[in-house]
Amino acid sequence: MAPNNGSWLVLSISMMLLSHGMIIIAKDQAIHHHDDDHDDMLINDHQMINDDDPYRTAYHFQSPKNWMNDPNGPMIYKGIYHLFYQYYPYDPVWHTEIVWGHSTSTDLINWTQQPIALSPSEPYDINGCWSGSITILPQNKPVILYTGINNKNYQVQNLALPKNLSDPYLKEWIKLPQNPLMAGTPTNNNNINASSFRDPSTAWQLSDGKWRVIVGTQQGKRGLAVLFTSDDFVKWNNTGNPLHSTEGNGIWECPDFFPVYVGKSLGADTSIIGDDVKHVLKLSLFDTQYEYYTIGRYDIEKDIYVPDEGSIESDLGLRYDYGKFYASKSFFDDETNRRILWGWVNESSIQADDIKKGWSGVQAIPRTVVLDKSGKQLVQWPLAEVDMLRENDVELPSQVIKGGSLVEISQITASQADVEISFKIPESNYVEELDSTCTNPQILCSQKGASIKGRFGPFGLLTLASMGLEEYTAVFFRIFKGPNKYVVLMCSDQTRSSLNPTTDKLSFGIFVDVDPINEDLSLRILIDHSIVESFSAKGKSCITARVYPTMAINDKAKLYVFNNGTEDVKITKLSAWSMKKAQINLSTDNTSNMSYNSNKVEKEEF
């Protein structure tokens, strides 16, 4: 528990007033305020998204329309799941004056739209309410720490509280009058660059009673997770030393720092410390738009994070996902003892196409995160709740797939599906040698795509395929022989995903830590119109792709097992399902424009 000093009393009193609905809102501070009716803060659906849009997802989280990016502050409160997200309600293109969208769910699959939680209104956030996190304080009190872009376009950190703690949906939030709580300087003389200082993490508390939080910044090209401490969650002190820093990769966005149990498939509360846990530091690299993580040790005496020996601290290191996946945020679900991960999946289309369809951005399916039994990497898997959308189960018997073969998986909706498949290869002396210079799996996948014959591989699945194979997104394995062991390459090849010449058609790849002789090679793929999420080796490696077929859409899409290698491979298991449509962000108001509300606490209330 934090000490009961004066500042903590301020926060405690404010929380008490909020819980009894006694806070006075400063209505005169609102901007773009059309009506005092709270429901007017809902997103205007007067111009609805086209229901026939072939790229609109059916069971992935999306905003009702327009622009969405980072997931913010996911949590569970009074049995209700909350997801906040970076949202621009007027345009499917990013703008700095962004707000916090908000949705709630009882199952993490079906979502109800809630009023905007935070919007620009005060000098400290007038140019945008950027990303942040939620921390659950003692007595189950959630608070938001977020980055505001102030009236000088500097980045500062602010606090917001729920207006009514008895409301499980937390529809209204109040900004603290002491904001901003953390700030840099234009001269960078406090080791914080005021123009690159953002995305506060979930806070954690140690036995000394102090709260700790990290914020991403940079010094030149050195990325830093600046560490702040507080006795009361209001007055924050820069410790002067970062939790961690690395030279050469620019600003660290959306830092996430959390413990993982060793030898347990359970999540851990963010403040857990002990001999049976390691720590994960995840960073999103603005310069490359990739993110990486390391696993290591948290030295609580020095308040520093030390990655395990051999860790690669760059975008060539370990990633949650080797495709389109950025600005991720995890939280601990204390009701199910899971750590759950959200991540933003950006478009691969040109801006003109985004404007035409009226929306941009998808959230990946939420995933559980645990430490692999090796202790060297994380394992991710779609939440078990996703399985409740499955229908029309199709099973294929164990069979050999000869080189050059193509087998259709029929009787499911191939544009909206979930498929699990496992392969087995025989031990052989006829395996391609891996060139010792081929150390980058993404480059290797681009050179050896699905159409390039090998020996063992490529074999896998052709998703979102047209009948004549003019279009398909291939997810496959290719086996090589390295100096001392077999090497398994997993690829997501989008080079033939669309006949539209303007879409980005990349190949993503990763070397999978699996023994192909003694273990099955498994894939699980979630297909949802314009997104293909692939999980291999039971979640050791993940690749997410955004694709926009012109022919393989809706009921015209096909799903195939293929083997374009010269050697036979065996399917040991194949199960596929159509996926039902989830209820996501159906509007509860269709009558009025969304308004921005300042949600500011009058100072004289304290």
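Here the Cβ of each residue, glycine as well, is placed from N, Cα and C on the backbone.
Taken from Swiss-Prot, the feature active site covers D70, and the record attributes it to similarity to another entry. Swiss-Prot lists C445-C491 with the feature disulfide bond, giving similarity to another entry as the kind of evidence. Marked as N-linked glycosylation site by Swiss-Prot: N5, N110, N164, N193, N237, N346, N564, N585, N590, N593. According to Swiss-Prot, the feature signal peptide maps to 1-21, an assignment based on sequence analysis.
Considering only the glycosylation sites N164, N237, the Cβ with the fewest other Cβ atoms within 10 Å is that of N237. Using Cα positions, the member of the glycosylation sites N193, N237, N564, N585 nearest to N110 (N-linked glycosylation site) is identified as N585. N164 (N-linked glycosylation site) carries neither a helix nor a strand DSSP state and counts as coil. Remark: C491 (disulfide bond) has P441, C445, K448, G449, A450, P458, A474, V475, F476, F477, R478, S507, F508, G509, I543 as non-local neighbours, by Cβ distance under 8 Å and separation of at least 6 in sequence.
Looking only at other Cβ atoms within 10 Å, the busiest spot among the recorded positions D70, N346, N585 turns out to be D70. Of all Cβ atoms in the protein chains displayed, 19 besides its own lie within 10 Å of the Cβ of N110 (N-linked glycosylation site).
Here the C-alpha separation of N585 (N-linked glycosylation site) and the residue listed as 'active site' works out to 17 Å. For the recorded site, C445 (disulfide bond), the DSSP three-state label reads helix. The two recorded residues, N564 (N-linked glycosylation site) and N346 (N-linked glycosylation site), have Cα atoms 31 Å apart. Straight-line distance linking the Cα atoms of N164 (N-linked glycosylation site) and N237 (N-linked glycosylation site), rounded to a whole number, equals 29 Å. Put simply, N193 is the one of the recorded positions D70, N193, N346 whose Cα lies nearest to the Cα of N237 (N-linked glycosylation site). If you measure from the Cα atom of D70 (active site) to that of N193 (N-linked glycosylation site), you get 22 Å.
Within 10 Å of the C-beta atom of C445 (disulfide bond) sit 27 other C-beta atoms, taking all shown protein chains into account. When other Cβ atoms within 10 Å of the Cβ of N193 (N-linked glycosylation site) are tallied across all protein chains shown, the result is 21.
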